[in-house]
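Structure, as structure tokens:
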Amino acid sequence: MDEAHMLNTCEGYVDWRNRPAVRGRHGGILAASFVLVVEVLENLAFLANASNLVLYLSKFMHFSPSSSATVVTNFMGTAFLLALLGGFLADAFFTSYYIYLISASIESLGLLVLAIQARVTSLKPPPCLSVSTVISCEQVDGRKALMLFAGLYLVALGVGGIKGSLPPHGAEQFDENTLRGRKQRSAFFNYYVFCLSCGALIAVTLVVWVEDNQGWQWGFGVSTATILLSIPIFLIGSPVYRTKVPVGSPVTTIFKVLAAAVYNTCKFRDSSNSAIGMDTSRTSYTTETSKGEDRNTKRKELSQTPTESLRFVNRAVKNKTVNPMLECTAEQVEEVKIVLRILPIFMSTIMLNCCLAQLSTFSVQQASTMNTNLGSLKVPPASLPVFPVIFIMILAPIYNHIIIPFARKVTKSEVGITHLQRIGTGLLLSVVAMAVAALVEMKRKRVAANSGLVNSTKPLPITFLWIALQYLFLGSADLFTLAGMMEFFFTEAPKSMRSLATSLSWASLAMGYYLSSVLVSLINTITRRCRDTPWLFGSNLNKYRLERFYWLMCILSGLNLCHYLFWASRYKYKSVRKSLSQPNN
């Protein structure tokens, strides 16, 4: 009976009491369902404030439009970049289970700080004073600014930990050694994006309405209560979770292999003795022999000999150990090669996320200058993301239950549509979205000029639904790209660094937000030298050259798509590399 139990355990996984996880009892759809419900609540808490934050900063903290946009992009960029820290800690020292619990507690603390500041008048700058036609506003500073940014970046730290631990925790619930498990894992990523959208829908409608009509202290309060509610719901699923056992720092392995490769290259150049030479066949043979003697092949999916690609990295494997600290195995070399192969794909997605950054900055500000009435209902500008969110919620199930099964029948393959094809579709849609955004902005400014409202704060006689067009295209791009990226990085990465690799999806978002801030600053610097007024500066959005900025983003996105196609067309999936190396074993 004990032997049968041992055979039924999941190698490398434990339950919440640190006992070996058992197939049929731990993991599966039920366990992943708790993760999906928690993601709805977590994203609700985060986006309820992030989507409307640019208006809070400008109206109550008295930042200029461009400064508000910069603060928001830096905040969101930091939150997503910290996902790398969450993923690293989950892989190396803790588990994704504990990283989520710690991160959710930190985020709730940050939201509580922001709620207190929004509630207490003395903790905010005084209201703007209107003297005749001049409006004097005092921007938040000193201790008040310290409290604001402390709250924001506590939230960012918590969000980063959650984003870096929750998706891989859900994906690890499925057995990748079975076809059923792999299909369920693919469906999980699709529904993960669906649940992101569910949380976003509530955030940009109900909570944003509360913020605009009842006060920001209530908005922050709802977010705090929501993230606190997610913790007991997550804990309820503890008996059915299976959690991957941390195996040490994957970053250490990467640096050790690269350092060994450089060290051995320099050693080979300095030495005339060919005994340390990097003859590929000899290196492969000795590596296979020593590996057979020193280690039983724990993971069978990687070849025991270094492959011919990226041969520079093969130099990390040597016949004779000169420096024991730099001793590497062929398996570690292949893991580092995988990381190096996916990096160009990762870099290609940053420009898309730079475009997505506009949805929470300039696009919201554009909508705030337009007519936001739908009949008798006045729609808050920050609720604009409801259009792509609803579209994603409709498209995600259709994609999972209709498009993918049909593609599998046509292509007669397990995946139907590959991860890289999904990402490429998203990048193409981002090019279209920026072109649409430029055309809509040209129309908005034309209406402002024809109506004589360029210098007025009155709403322009043009419906905000025009802005919804760019939201629709960018929302579709996000659906294709985010789910594709997360599944691609999780599937292709070595098991020892899956949480960290999945976090690259969020790091791409972070770098996109940072790139947006850099582009705005760079464009203002260059245009200030060429003309008196920079393109994106001042308090009057009608005088911005925003359409030129969008055209520039369209061109850069097109160049980025070409860059992506170059690398994607040359990428070989792990399963393909495995089958190609099989005859050599």
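Any Cβ shown, glycine's included, is placed from N, Cα and C.
Under the heading transmembrane segment, TrEMBL lists 27-48 (among others).
Positions annotated as transmembrane segment by TrEMBL: 68-90 (among others).
Residues or ranges marked as transmembrane segment in TrEMBL: 97-116 (among others). Below 8 angstroms of C-beta separation, residues 16, 38, 42, 45-46, 49, 86, 89-90, 123, 147-148, 150-162, 164-166, 169, 217, 220-221, 223-224, 227-228, 230-231, 234-235, 238, 241, 243 of the same chain, each at least six residues beyond the ends of the transmembrane segment (97-116), sit close to that stretch.
For 145-166 (among others), the entry in TrEMBL reads transmembrane segment.
Here TrEMBL flags 187-210 (among others) as transmembrane segment. Residues 32, 35-37, 39-48, 51-52, 167, 170-171, 173-174, 218-219, 222-223, 380, 382-386, 389-390, 392-393, 396-397, 399-400, 478-479, 482-483, 486-487, 490 of the same chain lie 6+ residues outside the transmembrane segment (187-210) yet bring a C-beta within less than 8 angstroms of a C-beta in it.
The transmembrane segment feature in TrEMBL is assigned to 216-236 (among others). Within its own chain, the transmembrane segment (216-236) has Cβ neighbours under 8 Å at 34-35, 37-38, 41-42, 44-46, 48-49, 52, 56, 60, 100-101, 104-105, 107-108, 111-112, 114-116, 118-119, 158, 207-208, 210, counting only residues six or more beyond its boundaries.
The compositional bias 'Polar residues' annotation in TrEMBL covers 279-289.
If you look up TrEMBL, you'll see 279-307 marked as region 'Disordered'.
The compositional bias 'Basic and acidic residues' annotation in TrEMBL covers 290-302.
Under 8 Å from some Cβ of the transmembrane segment (342-362) lie the Cβ atoms of residues 50-51, 53-54, 68-69, 72-73, 76, 384-385, 388, 420, 423, 426-427, 430, 433-434, 437, 470-471, 474, 477-478, 481, 485, 488-489, 492-493, 501, 504, 507-513, 515-516, 519, 541, 546, 549-550, 553, 556-557, 560, 563-564, 567-568, 571, all in the same chain and six or more residues away from its ends. The transmembrane segment feature in TrEMBL is assigned to 342-362 (among others).
Here TrEMBL flags 382-402 (among others) as transmembrane segment.
For 423-440 (among others), the entry in TrEMBL reads transmembrane segment.
The transmembrane segment annotation in TrEMBL covers 460-483 (among others).
Per TrEMBL, transmembrane segment is recorded for 504-526 (among others).
Annotated transmembrane segment per TrEMBL: 549-568 (among others), in sequence order. Only residues 6 or more beyond the boundaries of the transmembrane segment (549-568), in the same chain, are considered here, and those with a CB under 8 A from a CB of the stretch are 344-345, 348-349, 351-352, 354-355, 358, 362, 420, 423-424, 427-428, 430-431, 434-435, 437-438, 441, 519-520, 523, 535-536.
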Top partner of the transmembrane segment (382-402) among 27-48, 68-90, 145-166, 423-440, 460-483 - counted as Cβ pairs under 8 Å:
460-483
Is it true that the transmembrane segment (145-166) and the transmembrane segment (423-440) have 3 or more Cβ pairs under 8 Å, skipping pairs fewer than 6 apart in sequence?
no
